[in-house]
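Enquirer: One structure, as structure tokens, below. Some questions next.
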Amino acid sequence: MSKNIVLLPGDHVGPEVVAEAVKVLEAVSSAIGVKFNFSKHLIGGASIDAYGVPLSDEALEAAKKADAVLLGAVGGPKWGTGSVRPEQGLLKIRKELNLYANLRPCSFASDALLKLSPLKSEIVKGTDFVVVRELVGGIYFGDRKEDAGDGVASDTESYSVPEVQRITRMAAFLALQSDPPLPLWSLDKANVLASSRLWRKTVEETIKNEFPQLTVQHQLIDSAAMILVKSPTKLNGVIVTNNMFGDIISDEASVIPGSLGLLPSASLASLPDTNKAFGLYEPCHGSAPDLGPGKVNPLATILSAAMMLKLSLDLVDAGRAIEQAVKNVLDAGIMTADLGGSSSTQEVGDAVAQEVAKLLKN
């Protein structure tokens, strides 16, 4: 069996973290006999420097033909905020590949990390939810008008019933993967916004008509933001929300485990009902241009690779083995500086790769 994976390392620490994830995937390959065909392409600032665009047609076509895509990080001060920006490569690939659902889990890879949270350990212990963010609609892709000298600019938040139904089905599917099903939360601003009223009505009807075994609890986004810092376990389960709210709430959630270096993400183009959804996987952290070589935490990217195995490559057991290996490595105190350790990027990657090999051979 072989799987085709496109690598988009990106900028600054991106190539470093992708290299460690590949190291772990190669350990999986050796242990279980599956072949990974890696194809590397440029994205972001690296692509701008080479081709003048943040994502080349060649890279996009390669991604379309792959089983999955693993991305590092894009951006940095070098490329500024001009008309051609590294982040445009990300927006383009999400839209072109129809990656409509962004999944960002928030949990503790090991209880050894509880002390790193900016919130009290007793408040965050047991936090375990996933934010399901609609990724190709809403205000980020709506009509916009720049200031043309009249001192007025505008952005349009727009959603259709099919767009909301599609992301609701993704959230419901994920909730049903547990027995009993996980709690389902929908976040909106229905007390003010027309688009949120359509969102709430559509989510409610979709769950009632298609997933009668589930109940959805609606929460205003500002209230949810407060709950997240006061009592995050109250939101345990699956949280579904629109593009902008999802962007903000998942960034807020990302500080709960104490380091962005721990949090993976998946962007999917279809339900992972056969564990073969096409997806793009990336760490939640940015390109960290201020970090020197060997300093970045590779675990978010390694855990993104674990999600890739489980959701896109139909290698669920191998994905779980990576997650267990990460826990074992953290429990052993092998950590980068962001977690209070003294290990280098490569040392953490080596430790996880060795642990994965051990787990899969047993």
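Cβ coordinates come from backbone N, Cα and C, glycine included.
If you look up Swiss-Prot, you'll see 76-87, 286-297 marked as NAD(+) binding site. Here Swiss-Prot flags Arg94, Arg104, Arg133, Asp222 as substrate binding site. The Mg(2+) binding site feature in Swiss-Prot is assigned to Asp222, Asp247, Asp251; the stated evidence is similarity to another entry. Residues annotated as site 'Important for catalysis' in Swiss-Prot: Tyr140, Lys189.
Distances, neighbours, how buried they are, the whole picture for these features please.
Expert: For Gly286 (NAD(+) binding site), the same-chain residues that are 6 or more apart in sequence and have a Cβ closer than 8 Å to its Cβ are Ala73, Gly75, Leu260. In the three-state DSSP classification, Gly286 (NAD(+) binding site) falls within coil.
Counted within 10 Å of its Cβ, the other Cβ atoms near Arg133 (substrate binding site) come to 28, all protein chains included.
A sphere of 10 angstroms centred on the C-beta of Asp251 (Mg(2+) binding site) encloses 13 other C-beta atoms.
In the three-state DSSP scheme, Tyr140 (site 'Important for catalysis') is classed as helix.
The DSSP secondary structure for Lys189 (site 'Important for catalysis') is coil. Here the Cβ of Lys189 (site 'Important for catalysis') has 19 other Cβ atoms within 10 Å, regardless of which shown protein chain they belong to.
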Enquirer: Out of the recorded positions listed (Arg133, Tyr140, Asp222, Asp251), which are within 10 Å of Lys189 (site 'Important for catalysis'), Cα to Cα?
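Expert: Hits: Asp222.
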Enquirer: Apart from Asp222, Asp247, Asp251, which residues in this chain have a Cβ no more than 8 Å from the mean position of the Cβ atoms of those residues at the Mg(2+) site?
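Expert: Neighbours found: Ile221, Ala225, Met244, Phe245, Gly246, Ile248, Ile249, Ser250, Glu252.
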Enquirer: Sequence order is fine: just name those binding-site residues in Gly76, Gly82, Asp247, Asp251 with a Cα within 10 angstroms of Arg133 (substrate binding site).
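Expert: Passing the 10 Å Cα cut: Asp247.
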